[in-house]
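Chemist: According to Swiss-Prot, the domain '2Fe-2S ferredoxin-type' annotation covers 1-85, on the basis of sequence analysis. Residues annotated as [2Fe-2S] cluster binding site in Swiss-Prot, with similarity to another entry given as evidence: 38, 49, 52, 66. Marked as domain '4Fe-4S His(Cys)3-ligated-type' by Swiss-Prot on the basis of sequence analysis: 85-124. According to Swiss-Prot, the [4Fe-4S] cluster 1 binding site annotation covers 101, 105, 108, 114. Swiss-Prot lists 153, 156, 159, 204 with the feature [4Fe-4S] cluster 2 binding site. Sequence annotations record features per position, and here Swiss-Prot assigns domain '4Fe-4S Mo/W bis-MGD-type' to 223-279 based on sequence analysis.
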């Protein structure tokens, strides 16, 4: 329905499709600016600040534009946003908002991007009339990551609404009323337990909530934005690195409504301090272990000669494990290297959890649904996944889905198979073993009827289930489609680690791969278990905290965001969406090389050895059609009493860059010590 109306004597129109459109939204769509503090398009309407007052004909009083919906009655009415009455009202509102606000703008971290500063300049008075003593509020502790100087707070309640409505935690609220109103936790010194708590820093229009990690370190006009991605999430959330002088000062989200809207996880927002620690403790030159815990430095020429000697030794069986952060260019280089050596013992670290692969067709491993359309699903079944820690952004997408009105109120729209976890909506817990899954396939559960009646169900399969059953992603999807009568877009398979789809596209997986060689060549992979069968370990990467004592030859390489030749590189998420990242250089040492350069040197050496590709091409022939059909008809043997446990035990310990971040590590520890925090024992810890 098209609604026509007048704004400042200008005829405008807006197309009202689904939800009611407010005056504020209509004005914004037509390029007319209306100031606001409490309104945010992703949150519910509060109407606290009253900055968006407008005049509507035939109305006695000024109206808050954020809370008045447009309808067909506005055809004969006009909206005014710039008359004297409104300008005076805005001056009065600004005066009230600034009554208790401290004059500490020069030291406030919000300076330069503060909505209060900008709107005071545009709409406020040039003199103050308040001479009574200002109210001061004590600095509040919200954990290791967020700094709360609540004297600056203007009570817009954006933070409260975000945590309650989107993050699903009720740990912030409004206490008191009138002059005594405050925003805080209901108990003192309580940490906000959410994987997305840092987003309230971006939402705060003033300097009340700021980053404790970024405090007093920089100004926004000094920082340069460089495009990046959240490498710790399979969604590959777009982010901005804010850099100055080769050092990362902040990480902020980039708006993308199809993936993350405008939110990012705490893990990617605050992990950047680990890069500074890495640069201090990492080695800049290759090194070789001569005895236990004793290394000698080598030149690159000597180190690469040792690598060639190991790789070309026919007695050695080399296993190549590539980290999940490695880009597509490097994946191709090292696959080519192993093929030239006549070996197919290569895989990525996130592929080690799977027992079988099929990457003949792209649809076998890429999800055909779209995260943007998740609000159309009327039923969700979670199988072997804890969304809160494995995919927090997908978690809030689903948690805020409007499942619609149902005639039967007792029907539960969310089912969980696997470990329980906190969920906003009412859910039905089905079971934790594979036996529950088999009952679902056989139609012996009451929940099967709900799936049958559902018009748009969504089944999400996580890595915890995929690691328990020897199935390809295609076979897993086919079983759900046949058992529950679903389409491919009704099934979403979440894998672990970034660039998994790109590695499959490059064919970097092998059927029934297992680490069985005597030489391990690890490229930026820390999650490999080094067995006693392995007598020689080559580690090429940044730093290793899992099997550092077992490394025989160390080759230092650069971070993933500086490890490519041009200015940009492409990664691909679990939905097949490609994301570009820009080159960012933070490594201090000039002797540190890119993985691509090391790989090219090795290939050039092999070319000089005049190795042909005929044998490689013959070995690359895939299974014939008959063999593939025979493989598809095989019987699957599973232990039905096997429990589907979560693969992530600690959200803040999943990567070397996370483990080296002091603030994230302490945050993880404090969550475990929740009972101690409630008792007040942690009060003496440094939390700001």
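Cβ atoms are placed via backbone N, Cα and C, with glycine included.
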Chemist: Kindly assign residue 108 ([4Fe-4S] cluster 1 binding site) to one of the three DSSP-derived states: helix, strand or coil.
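Modeler: Assignment for residue 108 ([4Fe-4S] cluster 1 binding site) reads coil.
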Chemist: Give me the non-local Cβ neighbours of residue 108 ([4Fe-4S] cluster 1 binding site): same chain, 6+ apart in sequence, Cβ-Cβ under 8 Å, ordered along the sequence.
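Modeler: Correct list: 114, 152, 207, 210.
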Chemist: Using DSSP, how many residues of the domain '2Fe-2S ferredoxin-type' (1-85) fall into helix, strand and coil, respectively?
Modeler: 14 helix, 23 strand, 48 coil
Chemist: For the recorded [4Fe-4S] cluster 1 site formed by 101, 105, 108, 114, name the remaining residues of the chain with Cβ within 8 Å of the site's Cβ center, in chain order.
Modeler: 102, 104, 110, 111, 116, 117, 152, 206, 207
Chemist: What is the separation, in Å, between the Cα atoms of residue 66 ([2Fe-2S] cluster binding site) and residue 153 ([4Fe-4S] cluster 2 binding site)?
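Modeler: Residue 66 ([2Fe-2S] cluster binding site) to residue 153 ([4Fe-4S] cluster 2 binding site), Cα-Cα distance: 20 Å.
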Chemist: Among 38, 49, 52, 101, 105, these being the binding-site residues, pick the one whose CA is nearest to that of residue 159 ([4Fe-4S] cluster 2 binding site).
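Modeler: Result: the closest of the binding-site residues to residue 159 ([4Fe-4S] cluster 2 binding site) is 38.
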Chemist: Of all the binding-site residues given, 105, 114, which residue's CB has the most CB neighbours within 10 A?
Modeler: 114
Chemist: Where does residue 101 ([4Fe-4S] cluster 1 binding site) sit by DSSP, helix, strand or coil?
Modeler: coil
Chemist: In the same chain, outside 38, 49, 52, 66, whose C-beta lies within 8 angstroms of the Cβ mean position for the [2Fe-2S] cluster site?
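Modeler: Other same-chain residues with Cβ inside the cutoff are 24, 36, 37, 39, 46, 47, 48, 50, 51, 64, 65, 67, 156.
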Chemist: Using a 10 Å cut-off, grab the number of neighbouring Cβ atoms around the Cβ of residue 159 ([4Fe-4S] cluster 2 binding site), all chains included.
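Modeler: Step by step: centre on the Cβ of residue 159 ([4Fe-4S] cluster 2 binding site), count other Cβ atoms within 10 Å, giving 24.
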